[in-house]
Ligand SMILES: *Cc1c(COP(=O)(O)O)cnc(C)c1O
């Protein structure tokens with residue numbers, strides 16, 4: 001469709017997104033092509049979803065094979081595909097059990113429900129409150145936007161569900177002050193991605209894990225963005241030497257097919273009974289085929305290690321090339337979840353970089369998020385850094 005005709009006619013979509021005037025028609029690895037034949041280097045990976053790059057071959061083959069056999073039967077029947085992905089996830093994480101849904105918000109909803117039911121049906125305690133953090137992001141459903149520690153996602157949606165308290169990130173005393181007899185869990189991201197790429201402090205995370213143990217609170221780690229190799233480990237909690245009770249996943253789990261997963265320790269098994277939670281589409285054979293192929297590829301090709309090395313290289317190059325660029329305040333991150341903090345809004349730079357053929361994402365108003373796929377080469381990183389430097393050094397001309 002021509003851009004002009006799109007703009008002339010009012011869109012039939014609700015205007016929930018500030019969409020860029022670009023239409024992509026094809027993707028392969030780190031590259032995307034628009035409808036005018038221009039090629040772009042993709043350093044946003046569809047919001048940390050396409051961790052294997054665009055249209056990864058092994059995943060494509062598995063999905064095509066499943067597509068020819070069976071699409072959907074519902075969760076009233078056995079699912080060998082769900083069993084297989086659940087087993088793979090259990091074998092490669094500190095958790096034992098999985099519940100499959102369709103998105104990150106749904107995975108976090110499942111975690112919130114499981115934590116409450118564990119307290120109320122297994123422990124017999126009237127507990128329901130979950131401590132989350134300022135600047136966190138956990139999704140857009142009513143419960144998960146309430147869990148989110150940012151006002152912008154709540155505007156106009158009151159009244160919100162009860163049962164959330166907000167602590168300051170990387171501040172253990174602030175967490176202690178929010179805990180009371182109703183508290184059941186603490187939920188956090190180990191790198192706050194959406195609000196600007198803020199990694200958790202390792203000392204804070206270890207103290208938090210100990211505190212949860214002492215007070216018998218569940219530790220829920222939202223790995224919707226940080227999971228699936230993004231930070232240079234399969235799961236970000238591995239960097240911190242902790243074992244969460246619940247881990248939530250979505251974005252990178254199935255390379256672009258909609259999947260969410262809530263993973264939990266065996267002790268939580270009895271909290272959910274038949275009928276206590278469900279999803280019509282959750283864990284469909286197609287989504288599971290994509291998830292299994294994605295995870296197998298990651299493990300077979302040791303992609304988290306590759307991401308760690310590429311992330312170290314990218315961080316070094318970004319620091320070296322951008323440290324004297326006038327708008328740059330800081331460069332930080334973990335693995336291939338990197339952020340470049342500016343002293344001014346990033347939106348004009350995001351658009352300028354698009355014109356230079358580089359796709360990057362904001363993280364809050366002042367941070368450029370840099371999230372290439374896990375196969376990214378040094379050469380692609382160099383090209384991206386060069387385009388960034390070009391945009392940021394000429395910032396004062398604008
Ligand atoms: C993206 C994201 C979510 C929400 O995932 P959806 O699939 O959009 O519902 C939740 N938590 C974190 C940390 C995220 O980055």
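Quick reminder: no glycine exception, Cβ is built from N, Cα and C everywhere.
Taken residue by residue with DSSP, residue 105 (pyridoxal 5'-phosphate binding site) is part of a helix. The annotation pyridoxal 5'-phosphate binding site is assigned in TrEMBL to 104, 105, 137, 222, 223, 224, 225, 280.
The N(2)-acetyl-L-ornithine binding site feature in TrEMBL is assigned to 140, 279. DSSP gives residue 279 (N(2)-acetyl-L-ornithine binding site) a coil state; it is part of no helix or strand. Residues near residue 279 (N(2)-acetyl-L-ornithine binding site) in space but far in sequence (CB under 8 A, at least 6 apart, same chain), listed by position: 75, 100, 101, 102, 106.
Annotation source TrEMBL lists N6-(pyridoxal phosphate)lysine at 251. Under the three-state DSSP scheme, residue 251 (N6-(pyridoxal phosphate)lysine) falls in the helix class. Its Cβ placed at the centre, residue 251 (N6-(pyridoxal phosphate)lysine) has 26 other Cβ atoms within 10 Å.
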Determine, to the nearest whole angstrom, how far the Cα atom of residue 225 (pyridoxal 5'-phosphate binding site) is from the Cα atom of residue 251 (N6-(pyridoxal phosphate)lysine). 6
Note down the number of other Cβ atoms within 10 Å of the Cβ of residue 105 (pyridoxal 5'-phosphate binding site), including every protein chain shown. 23
Which one is closest to residue 251 (N6-(pyridoxal phosphate)lysine) in space, judged by CA to CA distance, out of the binding-site residues 104, 140, 222? 104
Under a threshold of 6 Å between Cβ and any atom of ligand 1, which of the binding-site residues 104, 137, 222, 223, 279, 280 are retained? 104, 137, 222
Going by DSSP, is residue 137 (pyridoxal 5'-phosphate binding site) part of a helix, a strand, or coil? coil
